[in-house]
Amino acid sequence: MEETLHHDNPNPMLTDNCFSRALYCWLNPLLAKGYANSLEETDMYNVCPADASSDLGQQLQLEWDKELERKVQGKKPSLGKALLRTFGLKYMLVGFFGFVEEGIKVLQPVLIAQLLGYFTPDSTTTREEAWMYASGVAICAMVLVFMHQPYFFGTARTGMQMRISCCSLMFRKCLRLSNKSLNQSSVGQIVNLMSNDVSRFDRGMIYLHFLWLAPLQATAALIILWYEIGPSVFAGLAFLLLLMPAQVLMAKVFTKLRRKTAIHTDKRVKVMNEIISGMRIIKMYCWEKPFRHLVEKLRSEEIRHLRRTRHIQACIFAPFFPSAQVSIFLLFLTFTVTGKAEEMRSSTVFLTMGLLQAIRLCCALMVPLASQNLAEVLVVIKRIQNFLLLEELEKPNNQIMPNGFSGNLGEDRPFKACLDLRNVTAKWEGVISGSCTLKDITFNVGPGKLVSVIGPVGSGKSSLLMSILGELPPQSGTVRAHGKIAYVSQHPWVFSGSVRQNIVFGAQFDKARYDKIIRISALSRDLSILPKGDATLIGDRGITLSGGQRARVSLARALYMDADIYLLDDPLSAVDTAVGKHIFDKCIVKYLREKPRILVTHQVQLLPVADNIIILTEGKIVSQGTYTELSQSGVNFSELLKLSEEEDQEWAKQKEKAAGQQGDSLLHRENPKITRSDSVASSYSIAKDYEPEPVQLPEQEERAKGSIELKVYMKYFKAGTGIIMSILVIFFLLLAQVLYIASDWWLARWSNKIEDRHAAQKKYNEFLLKQNITDIINTSNGTITIPTIPEVDSYFNLYVHGGIILALIVSSMSRALLFFRCAVKAGEHLHNMMFARILRTHISFFDTNPVGRVLNRFAKDVGQVDDLLPYTMFDFLQNSLLALGVVVVAGVFNPWVFIPTVPLGVFFILVRRYYVQTSRSVKRLEGTTRSPVFSYLSASLQGIHTIRAMRVEQRFMSEFDACQDLHTEAWFLFLTTSRWLAVRLELISAFFILSVCYCSVLAADSLNSGFVGLSITYTMTLMGLFQWTVRQSTEMENQMISVERVIQYTCLPMEADLESTPDKKPPPPWPTYGSIHAKDVSLQYSSTGPYAVKNLSFDIRAAEKIGIVGRTGAGKSSLITTLFRMVEPQGTLLIDGINIHNIGLHDLRGAISIIPQDPVLFTGSVRKNLDPFQEYSDDVLWKALEEVQLKDAVSANNEGLYMEVNEGGSNFSAGQRQLMCLARAVLGHTRILMIDEATANVDPITDELIQQTIRTKFKQCTVLTIAHRLHTIIDSDRIMVLDAGEIVEMDTPMALLSKGKGGVFYAMVEQLGKAELEHLTDIAAINESKTHKPSEGLLLANGTLILSPIPAESEWAIKNDTKLKDIALVSGEETPHQEDKADEEGTVNIAFITEVTRL
């Protein structure tokens, strides 16, 4: 469904030779392109087969299935074992390169020790041997180059493959989760698992081999040093070996803290997902402040654990820096105390130093890193394993299952499709009531049959469809479904993609069928005005489409699927009457005439066409039958549905005719009210004439280009530190480096003095032997010059060395603690700044950016800033100072070294500059290709029921794998380009080592062994250090992209001020009356976009009730956007005489209550959803719930107001969620109420109850009601008719209907049929009578003259008693008394009579 993901650019690594692979020369063309221009997605190489998400996911799935078989046997399944079997052998083979590399690091100090013998005053090493040893050191350096890169790349690639396979496995699991599990796992938690958690595989696998390499290397070093210095070696080596368990212990503490931090991160990301999804509601309700406090509270708790984690991390990494120096000090302390200080020759000192440096790298850095990362990986594996063990939706098959299912839903059958439910009882987990959701449901749907399901809010209508789909497994009874099922959700699901992708849904494209379905779904005109027709991209969740457009796209998708059975969950509620008539007539009745169909609806006028009508109340079928059968039960359908006698007779004739022609088209038994030819607007004209609202194209994610600007670094440091703290951090960084070099310099100086003493002693002994002197004391010949032997105060040297080491330890720990503290503070401050700006930015930002894209910044990018950047930056600063010190030390002691250093330095600068251009592009591509993975995951979870109903899980798995593969292409380039740079930097280091060794041999006459040993030993550390430092510099720059991305969101444009300035603030009771005046008001969603509202001018009086109508896309919702200033309008708009442009947004929005079209509930308690500011008592809240008919549903739960609301309010029905929004409005006590299709998802009776509540509670308020149900607004004081963003009519309902065929509103009403036209005209007339004098009277549509008031005992009132009853209900007046009609069929139809008669 995402064709843009696919491009053809084969990876050249698969076909290149070994030499090219070793040096990564196959990347040269890409690097050249990246150096010249920024790379695009099409420049990336296709994913290698070994890294393909589908294959890796399948491999791991097979191994995980084996583990699940253990669960059946009563054993605990282990994801770790599954991963080990999948990747273990491959990973262990890569360890061979690490083994060779660490072995060479042990050999190098031995060769250096032999080379240093050439520089001692009493050397016996020849020049040729010196050249040989120097060449050996250089060759070892070259071998290291070609051992380190395969090891690093191999382990990193294995980690990548483990991440990919786990993500693929988790997505497959998502598609199988039961509804109970979906409620337990929020989208935010799953996103966090697939972003932050699995990234541990990428880092962790690099170091794990050192858990076995380190002991081997330490053992080899111990043997060599034992032969060299004896038992004293244990003093130094013991410190490093004891450091390992200490750091492993700290790693365990780190793991516990990390686990706690992850829990708080999950909570924050979960809340952020809800906030981003419901931002429009948050802004309209003025809830920015409580949600800001909520997120800041969650973030502060996360930071509290993160700060402790960073302190532990500082304690892990700080000892690494001075560990070798401490170990050497302890070793030579033992040496000195035992009286062997005279044996501290240069070769011994630097052999010891070289070996301990190698051991230090493994024991003090790699082992703690391995322990920490292993602990983190184990935590991640455990978290993923817990997710994979969540309850799954049991699949129906051909056999009767324990859960009651029978039949394969997705398999084509040779017989005709049908549905059969027998005694089905089912219950949702976590429902708000303790009773069953469905109770003893029995009915069947045969081929070509249409079943309509009606019932009040929360009666179980949608749950009935869920039970058929298998989403609600029955506790008892059976569900048999023969044929492929298509499902249209009550809330249309549209994913981010083109219109065609949403409709075709990954199936093969058939143009003829596609075009026909577009016409049937009334989408032709919509597509004609889109910039790229059906190829136009629509935003996440279809946010840029109107509600009606989303509903029709969702319906078209189901039709294109060409299923055998259709489940339609109130698909007509979101479209206007004209479009709804077209869809019902041409689609549901005609196009699907041969299919079994279940239509959940609240539109009772459609019931006559149904073959079976099911009435649900509290999960029970209280009545079912045909229209005729239910009519004969005592209900006068002709009167209830306002059919004329002629129409009713004609309908009966057609029903009889249809009964005699079994198998004929449903059109032959169609209600003529729906199909008559003299309607003002035919079905053809409906699809042709209305003007849909233009679609806004989603913006591409912002991606910066070029280098990270200095101001990004400055903002990061400014967010984390003040001036004093910055100076302290810099001071300790420099001090630690100076002390590090000073300790080794003092040791070299000490060894030089010992060498000089040994040389003097040798000369002295030779002198005695030559002079044949046996007693120097008795020699008195003054002409003999006796050689002197310099004294070496070993204890003084030891004390100085110890003092330097102590200062080094203190400064190392101080800089680590200070730096990590500043980093945590920077992450906290940047997150809060970004969130604060997100809350204050324009709503258009959320319309054009998918939830996954925005959430990516709060999940992955904030995770990078919190977890990775602090360590990477600290490591870079530490190592860059160390690398600089190496070069300076080598050059100071041997100036000849500076000669090769200059060209090597120039080459390094050129290579890095050449690389960085491409590296930035690759890392930014990695960031932007990561977002679609999470957006696709989020969209899939939102449409999970549709996906499973249509049996397209495999397609979605393939598409998710394609999204992962696209991200893998970028990540693979990141890994390989890093190796491209590393291999070249290692070669530079190898040449530098060769230069230092050869220059030292050439200048041997002017050098002493101590300083030569120091320079060569330091240069050897440069071998891995140099490339690692440069790599960390680029990695830091890449991770600073996350800071850059966060800072981008801190600079988003802001809405107007929330609070008014003191001189513009409206008086406290404002608005006192609720009058609205508009003059030339226009609205554009973007500066280049079309006008959604054009030059509106109107006056609305205080407490006036205004109905707003218009076809889908006419600009009705844009009017709400205008009044709330969600987008700043043009023109003059006054409320009670105050210009809303001059006041704060909270002053404006707080003065208007709204019941939105798409109700939004947030995770938390019912109380929190109603009263986030804690302003009302429980009694007030219970009263509000009672007034909106929700008290019984909430009180049925033991926790009452404190019952938990699931993510998205999934444990409430759609109608109940809208009633909850009505309760919010009731609590608001504002003078202006806006209702945006608030009753679209409720039954007519609940609709009337809501309208009655609105009339009672908001009697003194100005009410603006947008509705597709014309009877909802027919009793309004005036009606505003919109078309293409303009007011085409605005007057009283009676005045608009009096215009006849020339009126737009009249045409809309006439489309409903003659009977409905008369009925609504009568209601308008009665309502109009309230505003007329008694002497005037009014003429009803049937020609009856009525006077006001109408005597209840009058002949007309008695004759039209039922009609008056309906009118009175709509008008809010008491109903005239009428005796109940006898129930000819007994008590079974009481519910039906009670519900439908009240209409």
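One-based numbering along the chain as shown.
In case you wondered, yes, glycine gets a Cβ from its N, Cα and C as well.
TrEMBL entries are annotated by machine, without manual review.
Just so it is clear, the model here is predicted, and its values are computed rather than measured.
Now, the feature entries from TrEMBL:
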type	residues	note
DOMAIN	93-359	domain 'ABC transmembrane type-1'
DOMAIN	419-643	domain 'ABC transporter'
DOMAIN	727-1038	domain 'ABC transmembrane type-1'
DOMAIN	1076-1309	domain 'ABC transporter'
TRANSMEM	130-153	transmembrane segment
TRANSMEM	206-227	transmembrane segment
TRANSMEM	233-254	transmembrane segment
TRANSMEM	314-338	transmembrane segment
TRANSMEM	358-381	transmembrane segment
TRANSMEM	719-742	transmembrane segment
TRANSMEM	798-824	transmembrane segment
TRANSMEM	981-1004	transmembrane segment
TRANSMEM	1010-1030	transmembrane segment
Rounded mean pLDDT within the domain 'ABC transporter' (1076-1309) lands at 83
Ranking 233-254, 314-338, 719-742, 798-824, 1010-1030 by Cβ pairs under 8 Å to the transmembrane segment (130-153) puts first 1010-1030
Near the transmembrane segment (981-1004) in space but 6 or more residues beyond its ends, with Cβ under 8 Å, are 22-24, 115, 118-119, 127, 130-131, 134-135, 137-138, 141-142, 144-146, 148-149, 152, 890, 894, 896-897, 899-901, 904, 907-908, 911-912, 915, 919, 1012, 1015-1016, 1019-1020, 1022-1023, 1026-1027, 1030-1031, 1034
Given the transmembrane segment (1010-1030), its same-chain partners at Cβ distance under 8 Å and 6+ residues beyond its ends are 108-109, 112, 115-116, 119, 137, 141, 144, 148, 346-347, 349-350, 353-354, 357, 361, 744-745, 748-752, 755, 876, 879-880, 882-883, 885-887, 889-890, 893-894, 897, 908, 912, 981-982, 985-986, 988-990, 992-993, 996-997, 1000
One stretch in 206-227, 233-254, 314-338, 358-381 has more Cβ pairs under 8 Å to the transmembrane segment (719-742) than the rest, namely 314-338
Contact set of the transmembrane segment (314-338) with the rest of its chain, CB cutoff 8 A exclusive, min separation 6+ beyond the ends, reads 229, 232-233, 235-240, 243, 247, 250-251, 254, 344, 349, 352-353, 356-357, 360, 363-365, 368, 372, 736, 740, 743-744, 747, 794-795, 798, 801-802, 805, 808-809, 812-813, 815-817, 819-820, 871, 874-875, 878
If one takes Cβ-Cβ under 8 Å and requires six or more residues beyond its ends, the residues near the transmembrane segment (206-227) are 91, 94-95, 98-99, 102-103, 105-106, 110, 151-152, 155-156, 159, 233, 237, 240-241, 244, 351-352, 355-356, 358-359, 362-363, 366-367, 369-371, 373-374
